[in-house]
């Protein structure tokens, strides 16, 4: 469960294998 990656990254992000990857 990533939750909201956009909020965690404070920008664009993607959920991969249950983790947020930020761009």
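Easy rule for this one: first residue shown is 1, then count along the chain.
The backbone N, Cα and C atoms fix where each Cβ goes, and this holds for glycine too.
Under the DSSP three-state reduction, residue 2 (disulfide bond) is assigned to coil, being neither helix nor strand. Taken from Swiss-Prot, the feature disulfide bond applies to 2-15 (among others).
Taking Cβ-Cβ distances under 8 Å and a sequence gap of 6 or more within the same chain, the neighbours of residue 20 (disulfide bond) are 2, 3, 5, 8, 9, 13, 14. The disulfide bond feature in Swiss-Prot is assigned to 5-20 (among others); the stated evidence is similarity to another entry.
Of all Cβ atoms in the protein chains displayed, 14 besides its own lie within 10 Å of the Cβ of residue 9 (disulfide bond). Sequence annotations record features per position, and here Swiss-Prot assigns disulfide bond to 9-22 (among others) based on similarity to another entry.
Feature annotation from Swiss-Prot assigns region 'Interaction with Ca(2+)-activated K(+) channels' to 13-20. Panel annotation: around the region 'Interaction with Ca(2+)-activated K(+) channels' (13-20), residues 1-3, 5-6 of the same chain, lying at least six beyond its termini, place a Cβ under 8 Å from a Cβ of the stretch.
What Swiss-Prot lists as site 'Basic residue of the functional dyad' is 14, and the listing cites similarity to another entry. Counting every protein chain shown, the Cβ of residue 14 (site 'Basic residue of the functional dyad') has 13 other Cβ atoms within 10 Å.
Using a 10 Å radius centred on the Cβ of residue 23 (site 'Aromatic residue of the functional dyad') and all shown protein chains, the other Cβ atoms total 8. According to DSSP, residue 23 (site 'Aromatic residue of the functional dyad') is assigned to coil rather than to any helix or strand. If you look up Swiss-Prot, you'll see 23 marked as site 'Aromatic residue of the functional dyad'.
The tyrosine amide feature in Swiss-Prot is assigned to 23.
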CB within-chain contacts under 8 A for residue 22 (disulfide bond), separation at least 6:
5, 8, 9, 11, 12, 13
So if I measure Cβ to Cβ from residue 15 (disulfide bond) and keep only same-chain residues at least 6 apart in sequence, which ones fall under 8 Å?
2, 5, 21
Go through 2, 5, the listed disulfide-bonded residues, and name the one with the sparsest Cβ surroundings, counting other Cβ atoms within 10 Å.
2
Calculate the per-residue pLDDT averaged over the region 'Interaction with Ca(2+)-activated K(+) channels' (13-20) and state the result as an integer.
93
